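Trainee: As listed in TrEMBL for this protein:
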type	residues	note
BINDING	33, 34, 75, 78, 79, 80, 141, 142, 143, 184, 194, 231	ATP binding site
BINDING	79	Mg(2+) binding site
BINDING	304, 323, 328	DNA binding site
DOMAIN	64-195	domain 'AAA+ ATPase'
REGION	195-265	region 'Small ATPAse domain (RuvB-S)'
REGION	268-358	region 'Head domain (RuvB-H)'
Ligand SMILES: Nc1ncnc2c1ncn2[C@@H]1O[C@H](COP(=O)(O)OP(=O)(O)OP(=O)(O)O)[C@@H](O)[C@H]1O
Ligand SMILES: [Mg+2]
């Protein structure tokens with residue numbers, strides 16, 4: 001792949017949406033690795049099949065597909081799927097995000113500029129303002145909005161027709177969406193973390209696009225440390241590639257991958273600095289918890305959202321952290337992963353949790 005092959009227009013649109021730590025060049029690479037069609041998407045078999053059907057049916061009817069909600073942790077492919085929906089329907093994608101729509105008027109302006117069949121992608125849809133949200137309900141259902149002109153008793157509502165469009169909403173926090181908004185999506189896809197063999201395919205695919213020579217073991221090493229997340233798999237591949245080019249002969253084999261990932265502080269289970277910091281603070285400073293998420297975030301010097309949306313889902317899924325009504329607690333596995341002996345109370349709690357699950 002050459003840098004000039006990159007779709008710079010798409011890259012511009014994505015500027016505000018991609019991970020903040022990505023610098024220009026890296027961001028461009030990120031965009032270039034994005035699958036363009038449903039066929040190119042790795043994993044998420046069920047979502048792919050369901051979405052494929054929704055799109056095919058819409059195509060046959062010659063109508064805009066139903067509104068689609070994509071939910072799941074960061075980096076699993078929500079933005080990718082939104083772009084694919086527009087691509088598969090051969091329509092332009094209009095891009096905005098919840099925090100960008102502060103007034104209902106902002107949304108009215110976007111909606112009035114849409115053409116028949118356009119796809120409107122609203123990223124972080126759970127962060128939209130209340131009045132905008134209410135305007136969106138109406139637009140989704142009736143393809144019409146009321147624009148309020150003036151203030152107080154003299155205010156008048158002017159109805160505005162909107163051509164049929166498809167709303168694609170993305171959220172890392174489906175639970176925060178108000179019921180009426182959630183109910184207006186005809187199809188909801190919840191993206192799950194990826195299996196190691198799927199990440200392995202993603203690493204192979206990306207290595208091919210980036211012209212990186214990779215052995216099976218090298219790829220497996222990266223895949224197994226990617227926290228079930230394609231974005232992380234791609235990022236680790238880039239770091240390992242740097243290492244391979246500077247400190248080895250350019251080939252990514254097991255030794256190179258292990259040495260590089262050790263350098264970047266990604267451990268054998270894929271825990272990064274933040275994950276380990278969370279567990280470390282939880283065990284060493286708070287005796288294993290329970291601790292509220294805000295306290296935990298302050299203690300590791302991170303935003304609450306980052307801890308809650310990035311570190312926590314992975315730690316919970318891997319059985320290191322449990323959510324209880326009184327706060328977050330470390331499991332025995334977390335203590336052991338840090339090389340510590342779990343206290344009696346933790347062992348008792350884990351046993352109880354197991355019984356409860358049964
Ligand atoms: N199913 C997949 N197959 C191959 N690559 C994927 C897949 N899903 C995601 N990726 C890769 O991972 C990167 C991140 O995906 P994407 O930006 O779509 O995540 P996201 O869910 O929108 O994350 P965020 O919540 O942070 O916005 C993409 O650049 C893409 O290259
Ligand atoms: Mg995204």
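Every residue, even glycine, has its Cβ placed from backbone N, Cα and C.
Nobody curates TrEMBL annotations by hand; they come from automatic prediction.
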Trainee: For ligand 2, which among the binding-site residues 79, 141, 304, 328 have a CB under 6 Å from it?
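Mentor: Near ligand 2, sequence order: 79.
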Trainee: Find the longest CA to CA distance in the recorded ATP-binding set 33, 34, 75, 78, 79, 80, 141, 142, 143, 184, 194, 231; express it in Å as a whole number.
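Mentor: Across 33, 34, 75, 78, 79, 80, 141, 142, 143, 184, 194, 231, the two farthest Cα atoms sit 37 Å apart.
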Trainee: Three states by DSSP: which one describes residue 328 (DNA binding site)?
Mentor: strand
Trainee: With the Cβ under 6 Å from ligand 1 as the test, give me the qualifying entries from the binding-site residues 75, 143, 194.
Mentor: 75
Trainee: Validating a neighbour-count step here. Other CB atoms within 10 A of the CB of residue 79 (ATP binding site): how many?
Mentor: 23
Trainee: On the DSSP side of things, how many residues of the domain 'AAA+ ATPase' (64-195) fall into helix, strand and coil, could you say?
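Mentor: Secondary-structure breakdown of the domain 'AAA+ ATPase' (64-195): 50 helix, 36 strand, 46 coil.
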Trainee: Including all protein chains shown, what's the count of other C-beta atoms within 10 A of the C-beta of residue 33 (ATP binding site)?
Mentor: 20
Trainee: What is the interatomic distance between the Cα atoms of residue 75 (ATP binding site) and residue 304 (DNA binding site), given in whole Å?
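Mentor: Counting only the Cα atoms, the answer is 18 Å.
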Trainee: Are there any residues at least 6 positions away along the chain from residue 143 (ATP binding site) with a Cβ closer than 8 Å to its Cβ? List them or say none.
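Mentor: Residues satisfying the criterion: 161, 162, 163, 164, 165.
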Trainee: Excluding 304, 323, 328, which residues of the same chain place their Cβ within 8 Å of the centroid of the Cβ atoms of the recorded DNA site?
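Mentor: Here the nearby residues are 291, 292, 293, 296, 307, 308, 312, 321, 327.
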